[in-house]
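Residues or ranges marked as ATP binding site in Swiss-Prot (evidence: similarity to another entry): Arg127, Arg167, Gly173, Gly174, Glu206, Val208, Glu213, Gly239, Val240, His241, Gln282, Glu296. Look at Swiss-Prot and you will find Gln282, Glu296 tagged as Mg(2+) 1 binding site. Annotated Mn(2+) 1 binding site per Swiss-Prot: Gln282, Glu296, in sequence order, evidence recorded as sequence analysis. What Swiss-Prot records for Glu296, Asn298 is Mg(2+) 2 binding site, and it gives sequence analysis as the kind of evidence. The domain 'ATP-grasp' annotation in Swiss-Prot covers 131-325 and rests on similarity to another entry. Residues annotated as region 'Carboxyphosphate synthetic domain' in Swiss-Prot, with similarity to another entry given as evidence: 1-399. The region 'Oligomerization domain' annotation in Swiss-Prot covers 400-560, and the record cites similarity to another entry as its basis.
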Amino acid sequence: MPETPNKVLIIGSGPIIVGQAAEFDYSGSQACKALREEGVEVVLVNSNPATIMTDPNMADRVYLEPLDARIVAKIIEEERPDGILPTLGGQTGLNIAVELDEMGVLEEYDVEVLGTSVETIVRAEDRDEFRAFMKKIGEPVCASEAVSSVEEAKEVAEEIGYPVVVRPAYTLGGTGGGIAEDEEELKRVVERGLEYSRVNQVLIEEYVGGWAEIEYEVMRDGSGNCITVCSMENVDPMGVHTGESIVVAPAQTLTEEEHQMLRSAALHIIDALGVEGGCNIQFALHRETGEYRVIEVNPRVSRSSALASKATGYPIARIAAKIAIGLRLDEIENQVTGETYAAFEPALDYVVVKIPRWPFDKFPEANRTLGTEMKSVGEVMAIGRTFEEALQKAIRSLEIGEPGLGPSPEELEADPEEIRRKIETPNDRRIFCIYAALKRGLMSVEEISELSGIDPWFVEKVKRIVEMEHEIVRRKDELLEFIRTGEADEETVEFVREVKRTGFSDEQIAELLGVDEDEIREARLGVGVEATYKLVDTCAAEFAAVSPYFYSTYEEECEALRYD
């Protein structure tokens, strides 16, 4: 291992804003702990006092200052750190590191950028450099060109053909970007994008709407060892920002050939870029032809990193921080198992679903259409043995008054054309409208998939929840008798267990049967239908777990120790 720096400056992510929620605080807190474990003095600069990372016991010294390059330069002058770690504070940290380098501050005070170098950051964040580098290493990208004016944008858009995607450089959450269907819309989006870009640059890109969006979270150390932490699949197709889409991990609809193709491409890209630490790589995949495009590379801990970390139990930010000070993947112990190392790729024997949380309840007049720019202010994550179970758990966690997946009374009575429009156009109620269409028999799985661009596999899973609801209602008399007497035959008990495995809450079942929620709970517990707990241990039970965490489900075997 190389010589460890004595003092490191970590750049925090600042306030919680649209597109940037608490995931970066989670990452920064992990990093502070990881560096102090190695005896490194940690100096933290963050403008947000309402975070975990600014707690007194997280860093040796905390500066609550605006996240501005000139202010960070003064802190560097005062503290004289050996290194700066900018990859844990989201886009803000990267932008400040690049500005400090351009100002000559890092060279003047002999401060090393730890982990991913400034050159690599620029190569991934500058739209022109990224496109040129991907072509150089033989990875396919969308036809695109970086521009700095509206007139240039018009010329490029005419050449590529409408619609086009506008992506500002050095921004987070698609801020300032969008999809332009015509010249008038292009002018509006480009003007806004240039205003938001730190370097007055936007990328005009070929639109691959309807292609599947797949992400890989990848780790690499300074010796070139690489692993994939996990794959993630957006339920919505390309055209909706990954932070605005329901995301499932691991990817559910990829063939083995597609998975290996994209995994190999992800490892090739992180190695060629020379990223040291965590990296998120986004792909667009055409199902029919098998073609793919590299959409974006985030050479930092990102929103998706926080999801991948919690989904797998693999502490990405902690390991990225240790890699930044010179440790290799095979030197960093996996704290969950206590006997494997960070070079061991996580294995998942469960399904994780992430759903964004939009503030439309606070802003009822806002435009609810979703696109390439984020509108959500947070997200929830749920774990289950099946996609259906995890999806219903996640919907309950949103705290929007829904006990699970099901349409609102308005959606049950809405005009069929209104339901079709809401399925065709991405919006926060799309998954509920798909449920309504299936429940009302308005559309088939194939029609919904064709209209929305959502893979039929996901629509089939929603259909299974609808069918389970119908079956509960069909067996209403039998279930009410069970609730009244507390007695049931084996078939009924197994049916109740299957209902719970599909993610139905006691409240949902009670609403369908017209009884009290407590009656459902009492009856099922009386016949042994109770939650069991399964491990999130990074290795699918291949090794014993020292410090795992658990998720609840309704299988026979419980992996948690019971204390009666």
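Even glycines carry a Cβ here, placed using N, Cα and C.
It should be emphasised that the depicted structure is a prediction, and the values quoted were computed from it without experimental measurement.
Structure coloured by features recorded in Swiss-Prot.
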residue	record	contacts (Cβ under 8 Å, 6+ apart)
Arg127	ATP binding site	Ser144, Ala146, Arg167, Ala169, Gln201, Val202, Leu203
Glu206	ATP binding site	Cys142, Ala143, Ser144, Ile160, Gly161, Val164, Val165
Glu213	ATP binding site	Glu233, Asn234, Asp236, Pro237, Met238, Val240, Thr242, Ser245, Gln282, Phe283, Ala284, Leu285, Ile295
Glu296	Mg(2+) 1 binding site	Ile281, Gln282
Asn298	Mg(2+) 2 binding site	Ala124, Cys279, Asn280, Ile281, Gln282, Ser304
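Compared over the binding-site residues Val240, Gln282, the count of CB atoms lying within 10 A of a residue's CB peaks at Val240.
The DSSP secondary structure for Val240 (ATP binding site) is coil. Taken as a whole, the region 'Oligomerization domain' (400-560) shows an average pLDDT of 92 in this prediction.
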